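Asker: Sequence annotations record features per position, and here TrEMBL assigns compositional bias 'Acidic residues' to 215-231, 279-288. Feature annotation from TrEMBL assigns domain 'Leucine-rich repeat and WD repeat-containing protein 1 LRR' to 7-200. Look at TrEMBL and you will find 288-675 tagged as domain 'Leucine-rich repeat and WD repeat-containing protein 1 WD'. Residues or ranges marked as region 'Disordered' in TrEMBL: 211-240, 255-288. The repeat 'WD' feature in TrEMBL is assigned to 411-445.
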Amino acid sequence: MSKITTELLLERAVPRSTRLRKIETLNLSKLQLKTGDLDPRLFSRLRHLQKLDLSDNLLDKFPNSLTLPDLRVLNCNNNKLEDVTALKQFPLLEELTYENNVYLTLNDDYKVMFLLQNLRLLNGKDITKLANHVRRVNSRKLTSKVTAHWKKFFRDQLPEKYTAEQVKSIKKKFLKSVQTNVVYGPSSLSEFTRWRVKMIAEEFLAHSLSLELNSDTEPEEKTDENEEESTESPREAAEDVAQVVHIYDPLVTVTPSKRKRNNSKSSPGNKRSKTQANTEEEATEDVSAEPLHFLQCHSKGNSREDFKTQLWSCVFEPVLDSGARKDPIVSSSRTVATCGGESVCLIDCETGTVLKKYKVATEEFFSVAWTTLTMVISDSRKKAHNILAAAGRRGIVKLIHVAADFCYGEIKAHKKPIATVCFSPTQETHLFTASYDKRIALWDIGIPDCDYNFKASQLLVLETASIPLRIALVPTCPEQYLLAGCENGCFAWNIKLDKGQKSRPFEAIFQFPGEESMTTSHRVDGLAFLNDDVVVSKSSKPGCIYLWSWSKSFDAKGKGCQQTMSAVILAELEWSTTDMSYLTLSTCPAKEYVFCGDEKGSVWMYNLSSYTTAWGSPKGKRSERRISPTQILKWPELRVNGEQPPEILVNNVVADPAFTYLVVLTSVNITAIWKK
């Protein structure tokens with residue numbers, strides 16, 4: 001059991017405090033503390049801590065992700081520290097002392113001067129001028145020497161056409177040679193020089209030549225064995241950007257691995273039909289979308305050779321105080337949350353920067369959703385904050401306060417994986433979770449207090465006939481009806497909470513052309529509303545996306561539950577003839593667009609603004625012929641060891657409300673960002 005508890009922290013605060021978030025100065029000296037006693041989850045609640053005294057303890061290192069974003073002064077005197085690189089997680093640190101740590105040397109002094117850009121005092125001495133020399137002059141001279149060494153001895157060894165093994169061999173030789181032969185400064189700083197030379201050489205290869213670096217050249221920093229999850233601080237996220245692979249380049253040299261897709265079929269040879277070929281020729285309108293970034297930021301263990309992790313869900317962050325619920329055009333920023341594998345990332349679409357990254361080593365995330373909660377902050381003031389919910393294979397919902405870099409809680413919602421989640425647009429604390437246990441649950445997640453205490457409660461359980469894959473609340477009555485695309489069809493439930501029944505069966509199943517009963521129903525793996533009435537759904541029936549009217553299809557006056565209702569089809573969209581499942585669709589209601597990716601990495605875009613008026617008329621005139629895509633964005637030719645990655649499936653594609661950015665999630669651990 002850890003020696004550090006909430007009660008101890010409150011008692012050792014200077015002055016004593018009643019709340020962790022109010023502590024600015026903390027004295028934890030002379031407690032015989034070891035590294036394992038520093039619990040990142042507990043320390044992450046010390047968001048306003050500025051001064052920390054850990055002197056006279058038994059620390060041999062700092063755990064990663066202590067998440068002390070405001071720390072300015074740190075005393076580590078008289079410990080057993082062996083390494084200082086973990087201190088980079090405290091980017092605002094101004095004063096640092098670690099005297100009488102016998103394993104630390106002058107080389108470690110230079111490392112912290114480089115890593116901590118705001119550091120002024122080190123062991124009581126003003127190091128401002130020396131630190132500036134280390135960060136600028138030293139780095140500039142070493143960079144020049146590293147570049148010269150490559151040009152003189154290694155540049156000509158890379159053939160015009162190369163294999164992955166050739167690149168790996170040259171990289172290994174270069175890193176070894178440059179660390180041995182590049183010399184600068186006194187011999188007493190040789191360890192620091194080798195450390196910086198290797199860092200500069202890796203950056204040179206990765207960014208100047210776009211050569212992918214394998215992680216086998218240097219072991220990764222391991223997280224604490226007892227630390228299951230971590231939220232990276234802003235500085236750590238910035239450091240992680242260097243690990244993001246910008247793949248839109250002809251010289252990328254990582255070999256992707258073929259990925260397997262469960263519960264789906266693949267067309268033999270993936271050949272195009274004549275109909276599909278004609279459709280692609282008809283899609284001639286150009287919306288001038290250009291690729292901005294191709295990122296690999298969800299890799300397992302940060303491996304640069306992970307082309308197996310599948311990316312599943314993305315959603316743009318709402319803008320605070322923008323009247324988001326009234327005007328969708330201003331309701332989101334250029335920041336998007338993406339999930340796949342063990343991590344959730346926040347990405348700036350314009351710059352391609354990974355702003356923050358949240359990991360759970362034993363999880364595989366399938367879905368993310370935003371809500372905005374009005375929370376009580378210091379001095380009893382209230383302020384709106386964006387909260388991100390993330391869920392996946394473990395059936396657990398993680399609640400993340402993004403601005404504080406803090407996962408403040410979890411809800412054990414289901415015993416089986418959660419396929420998708422969504423928040424109510426009218427009730428900010430109401431969260432729907434759809435699970436492989438054939439249930440959709442409605443939760444009230446509550447509002448956390450200033451110490452992040454919260455209480456979640458289950459309000460409703462909707463019984464499904466099969467696994468729910470996609471859910472959507474009806475825009476005209478989001479507190480009364482919910483639609484779900486499931487493994488064996490599309491269903492609707494009455495979710496009104498004033499009804500006494502807490503567990504409810506579905507109220508209606510919608511029948512589509514070619515379906516005679518539930519036994520012949522198709523899997524519905526794509527579902528979204530284009531406007532208040534028009535539903536867009538994609539089934540496992542090849543080559544077709546249906547647009548249909550909710551108001552004309554659903555008979556609210558029908559008697560009894562589990563009615564079969566015929567979907568009133570307004571139009572069909574021409575799409576890929578693949579029978580590959582789980583390639584979902586999305587809509588941009590404000591711009592009247594539908595998006596859907598295919599099995600070849602392409603994005604099919606449909607501008608339906610010229611059709612919606614006719615569909616909204618009392619007669620609801622149906623479009624007689626299938627509507628071809630306005631444009632098909634082709635996957636660019638990314639060179640991976642001279643070849644394109646095989647079988648790139650687009651699992652999801654989402655635009656921001658203003659349709660400025662288009663985020664494409666693939667089956668090969670690549671996030672593509674396009675800009676209109």
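All residue numbers here begin at 1 and follow the chain in the order shown.
Quick reminder: no glycine exception, Cβ is built from N, Cα and C everywhere.
I'd like these features described in context: how deep, what's nearby, how far apart.
Answerer: The average per-residue pLDDT of the prediction over the repeat 'WD' (411-445) is 97, rounded to a whole number.
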Asker: Are there residues at least 6 beyond the ends of the repeat 'WD' (411-445) whose Cβ is under 8 Å from a Cβ of it, and what are they?
Answerer: 313, 325, 366-374, 387, 389, 391-397, 399, 454, 456-473, 475, 478-479, 482, 484, 493, 495
Asker: Could you break down the residues of the repeat 'WD' (411-445) into DSSP helix, strand and coil, giving a count for each?
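Answerer: Helix, strand, coil within the repeat 'WD' (411-445): 0 helix, 20 strand, 15 coil.
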